[in-house]
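One structure is given below, encoded as structure tokens.
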Amino acid sequence: MSQTRGKYDFCIGLVLAMSSSIFIGGSFILKKKGLLRLARKGSMRAGQGGHAYLKEWLWWAGLLSMGAGEVANFAAYAFAPATLVTPLGALSVLVSAILSSFFLNEKLNLHGKIGCLLSILGSTVMVIHAPQEEEVETLDEMSHKLGDPGFVVFATLVVIVSLILICVVGPRHGQTNILVYITICSVIGALSVSCVKGLGIAIKELFAGKPVLKHPLSWILLLSLTVCVSTQINYLNRALDIFNTSIVTPIYYVIFTTSVLTCSAILFKEWQHMEADDIIGTLSGFLTIIVGIFLLHAFKDVNFTLANLPLSLRKDDRAANGTLLSAYDSFNDDEESSACLGEMQSTESLSARRNGSLSPF
């Protein structure tokens, strides 16, 4: 009976996690569509300090979709292991990229399509090999887990590292090194996920009629979650304001998910109940998602499609066969190279103006 219940909860958590990704990914499209409609009407844009978007129903639909996604994600932690729920958050990026190509006319190049495919395959592998039984079902069990010496040491290290990064490293290198602010968000995010997991269990007990509100752990988890999420939002916004979003997003996903998986392994000891092939499958799926997200973001401004592939192959074949280029071909190649170089320089200058003066890292 317990095993059947565990599989039932796993399926509920999986559906909630995937629904969360769909809602959150779609929310960006709805908000963007609303802002574009306002721009066509001549209203003051949000980036210029305008608030006309508050009268746009598409923007409100996007906000409600975002809220529904966050609620579904919160509930998913109450049913499924964090090892499964957190990596599936990458699907929201995938959903957003696919919908953008259909509704916002944003081109999805070959690298992006391969990245989407890899993200889907990696998520499928993780779902197949993730632990399916829930180890913690009550607040008393959660309290016992939080008091485990291994987790206490881990949480203490996280707090110490975060304080050092915030008070010492951040003021000195936060403006030039992209890893500083992202690391703060990521390591604190591991604790926030643990708090969400505990509060999800508390809500399940509350619906079961148990006196959850009298349990001190409920309020401790709520206060801790508020502090952690506030800190994450603050430093993530700093990172996004200073550095390019296409760089911040994949780096943040990798470090944040790695931190959550480490915290989950220490707190819930999910890996101790998994077979070797499941552990390898979970890690392989996670790495596949990382590669997919990297391809989706890092090369999104590169104009490379299947139509360009035959031309590239013909050039490679000619070089491999030692065929001498005619003066006409050489002139064309030089002209193409100059055009590409000019386009790249224009793109870089536009990106620099958009993102401010960025220091190398």
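Indices start at 1 and increase along the chain as displayed.
From the backbone N, Cα and C atoms, a Cβ is placed for every residue, glycine too.
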Requested in this report: Match it up for me: which of 320-340, 341-361 does TrEMBL list as region 'Disordered'?
Outcome: 341-361
Report summary line: For the transmembrane segment (57-79), the distant same-chain contacts (Cβ-Cβ under 8 Å, at least six residues beyond its ends) come to 9-10, 12-14, 16-17, 19-35, 37, 85, 89, 92, 134, 193, 196-197, 199-201, 203-204
Query raised in the report: For the transmembrane segment (85-104) against the transmembrane segment (247-267), do we get 3 or more Cβ-Cβ pairs below 8 Å once near-sequence pairs (under 6 apart) are dropped?
Result: yes
Query raised in the report: Other than its close neighbours in sequence, what residues sit by the transmembrane segment (150-171), given a CB gap under 8 Å and a spacing of at least six beyond its ends?
Result: 180-181, 183-184, 187-188, 190-191, 231, 235, 262-263, 266-267
Query raised in the report: Most CB pairs under 8 Å with the transmembrane segment (111-130): which of 12-30, 247-267, 279-299?
Result: 279-299
